[in-house]
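A.B. asks: As listed in Swiss-Prot for this protein:
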type	residues	note
DOMAIN	87-224	domain 'Plastocyanin-like 1'
REGION	129-149	region 'Disordered'
BINDING	HIS162, HIS528	Cu cation 1 binding site
BINDING	HIS164, HIS202, HIS605	Cu cation 2 binding site
BINDING	HIS204, HIS530, HIS603	Cu cation 3 binding site
BINDING	HIS435, HIS439, HIS441	Cu cation 4 binding site
DOMAIN	494-621	domain 'Plastocyanin-like 2'
BINDING	HIS525, CYS604, HIS609, MET614	Cu cation 5 binding site
Amino acid sequence: MTDMIEQSDDRIDPIDGVLADGVLADDVLAKEREQAPAPGELTPFAAPLTVPPVLRPASDEVTRETEIALRPTWVRLHPQLPPTLMWGYDGQVPGPTIEVRRGQRVRIAWTNRIPKGSEYPVTSVEVPLGPPGTPAPNTEPGRGGVEPNKDVAALPAWSVTHLHGAQTGGGNDGWADNAVGFGDAQLSEYPNDHQATQWWYHDHAMNITRWNVMAGLYGTYLVRDDEEDALGLPSGDREIPLLIADRNLDTDEDGRLNGRLLHKTVIVQQSNPETGKPVSIPFFGPYTTVNGRIWPYADVDDGWYRLRLVNASNARIYNLVLIDEDDRPVPGVVHQIGSDGGLLPRPVPVDFDDTLPVLSAAPAERFDLLVDFRALGGRRLRLVDKGPGAPAGTPDPLGGVRYPEVMEFRVRETCEEDSFALPEVLSGSFRRMSHDIPHGHRLIVLTPPGTKGSGGHPEIWEMAEVEDPADVQVPAEGVIQVTGADGRTKTYRRTAATFNDGLGFTIGEGTHEQWTFLNLSPILHPMHIHLADFQVLGRDAYDASGFDLALGGTRTPVRLDPDTPVPLAPNELGHKDVFQVPGPQGLRVMGKFDGAYGRFMYHCHLLEHEDMGMMRPFVVMPPEALKFDHGGAHGGHGEGHTG
């Protein structure tokens with residue numbers, strides 16, 4: 001890094017035996033692996049939580065960039081494990097926590113310092129589906145005798161960094177094709193003109209994001225402002241970033257964990273008839289890492305803490321519960337004060353009751369949490385991932401949760417008074433969006449795997465309304481009819497389905513749009529839209545039985561079910577850029593595309609889905625220039641529509 005940086009001293013201890021360019025001596029690694037445990041022998045809560053160092057770019061001389069270098073590194077994920085080869089920002093996993101003030105414009109040179117010919121840190125395999133009634137084999141460590149994917153092993157260090165949540169121009173956003181190799185830098189400028197929030201940065205390279213992020217290329221980014229300062233929230237050692245991610249590890253011939261990162265997925269179709277290729281489901285691993293360590297513990301005082309949580313997993317949706325020594329949920333101590341785009345208007349209690357039984361965290365979602373440990377001195381509390389078929393804290397292998405542990409909090413008795421009081425109002429500047437704001441409309445359909453022409457994968461379909469249904473054949477491939485709450489049936493035709501299809505959405509800067517994601521499959525997709533903050537307007541249940549996979553369209557209309565209301569959760573009413581879209585359901589979100597121009601992306605944030613095609617571009621330009629656009633797909637109904 002350059003001398004333009006203020007950085008904390010909280011660095012992670014180095015691994016003995018690391019040579020130049022991040023290479024670990026062979027004899028050191030061999031000796032470590034000889035002493036490695038079997039998969040079931042890892043002890044939970046055996047190592048303290050590591051906290052990434054804080055990097056504060058200098059506030060003056062914006063024309064001089066801050067360099068953050070991508071480097072190979074060796075990380076001990078658990079005290080009982082051999083070192084693990086990873087790639088990290090500034091050689092750390094996660095990368096440094098970048099902290100800026102609102103309006104502090106910074107330029108970052110994301111420089112690739114991973115030497116050519118470096119070993120790729122991730123082993124990738126696809127394994128057969130197990131017998132019915134048995135746990136999915138992807139949550140079991142080891143390759144199970146399956147040969148690694150040689151094409152993944154041959155991947156170069158090719159990366160582009162996306163600052164997730166940032167309002168910045170398209171040239172700075174981390175366009176997936178614009179990845180750089182060794183010695184080159186991605187130069188990005190971030191205005192940071194945004195309310196206080198937690199963003200995060202991660203690799204976004206086309207086709208290979210799922211492996212690059214697993215290799216360690218992620219970190220968090222905090223924007224501060226005066227409104228946040230006035231709240232007097234816990235800070236310093238009492239503000240802790242928690243980047244959680246599930247991982248899997250390979251084993252040696254004796255069944256011992258060798259520390260090697262393993263991307264292990266399950267084949268659900270051996271040979272798709274359209275492509276001849278196998279179809280696998282996204283990655284879910286058995287081990288949870290927090291800040292790059294498996295099942296750590298944190299020593300905390302009996303006071304208030306602020307936890308800045310990010311789900312940095314490829315695909316796992318965590319259902320988090322805070323439990324005590326007897327596996328009972330702990331109510332009354334956790335309060336959510338912010339989400340993806342900043343502070344909520346008021347705190348939301350997370351009591352693990354009927355209102356919020358779990359803290360459901362999909363990949364890329366962020367949660368700003370206040371935790372009150374004042375009455376818990378001398379106690380040990382555990383944050384766990386609750387499986388669908390077991391109580392909190394209990395393994396649920398059939399539900400995909402082989403090990404529920406996430407981390408442990410060990411509360412010290414200090415007998416010191418903590419004068420912090422939970423504010424009644426968090427953000428006086430927050431304004432709730434409503435449907436009567438002039439806006440345009442978009443309809444995006446998320447199709448089930450196995451739909452005609454999809455190669456066995458779910459897809460994003462951009463839809464355009466057909467004003468006269470006589471203009472299209474019904475039923476037909478790519479044609480969907482939808483019956484709304486008013487009983488009217490509208491006909492839509494597909495205009496795009498893959499990333500490289502023609503540009504479909506061109507948006508005038510400064511305009512509002514309502515995007516409706518209609519999920520016709522049972523798979524939950526966390527959808528992410530770059531550039532803009534959105535608010536969830538509503539959810540609607542649908543009867544999707546009229547959609548025919550073999551046809552690739554509807555034989556009878558997909559129908560909104562007015563008799564099945566879907567209430568919004570109290571903690572999803574703030575600014576968000578990732579939205580959980582289960583199916584069959586329609587999700588309506590409203591956002592304003594302002595502050596930047598350029599070409600951006602929206603996509604499913606299950607990284608395997610993103611890499612396999614669930615990603616589409618959109619363009620934002622000045623509305624004055626949009627009048628001369630020849631693309632013809634700019635705004636649905638256009639700014640000014642309120643219906």
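Backbone N, Cα and C define each Cβ position, glycine as well.
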A.B. asks: For HIS525 (Cu cation 5 binding site), which DSSP three-state class applies?
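C.D. replies: DSSP call for HIS525 (Cu cation 5 binding site): strand.
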A.B. asks: What residues in the same chain, six or more past the boundaries of the region 'Disordered' (129-149), come closer than 8 Å to it by Cβ-Cβ distance?
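C.D. replies: Counting only partners 6 or more residues beyond its ends, the region 'Disordered' (129-149) has Cβ contacts under 8 Å with 39, 123, 248-251, 255, 257, 262, 264-268, 281, 283-287, 397-398, 400-402.
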A.B. asks: Go ahead and report the DSSP secondary structure tallies for the domain 'Plastocyanin-like 1' (87-224): helix first, then strand, then coil.
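C.D. replies: Helix/strand/coil tally for the domain 'Plastocyanin-like 1' (87-224): 16 helix, 49 strand, 73 coil.
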A.B. asks: Mean pLDDT for the domain 'Plastocyanin-like 2' (494-621), as a whole number?
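C.D. replies: The answer is 98, the mean pLDDT of the model over that range.
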A.B. asks: Using DSSP with the three-state reduction, classify HIS530 (Cu cation 3 binding site) as helix, strand or coil.
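C.D. replies: Once the DSSP labels are grouped into three classes, HIS530 (Cu cation 3 binding site) ends up as coil.
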A.B. asks: Which has the fewest other Cβ atoms within 10 Å: HIS441, HIS603, HIS605, HIS609, the binding-site residues listed?
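C.D. replies: Each of the binding-site residues HIS441, HIS603, HIS605, HIS609 was scored; lowest Cβ tally within 10 Å is HIS441.
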A.B. asks: What subset of the binding-site residues HIS162, HIS441, HIS609, MET614 lies within 10 angstroms of HIS204 (Cu cation 3 binding site) at the C-alpha level?
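C.D. replies: Those near HIS204 (Cu cation 3 binding site) - Cα within 10 Å - are HIS162, in sequence order.
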A.B. asks: Which are the residues of the chain, HIS204, HIS530, HIS603 excluded, whose CB is within 8 A of where the CB atoms of the Cu cation 3 site average out, their centroid?
C.D. replies: HIS162, HIS164, ASP173, GLY174, ALA176, HIS528, PHE600, MET601, TYR602, GLU610, MET615
A.B. asks: Of these binding-site residues, HIS162, HIS435, which scores lowest on Cβ atoms within 10 Å?
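C.D. replies: Lowest Cβ count within 10 Å among the binding-site residues (HIS162, HIS435) is HIS435.
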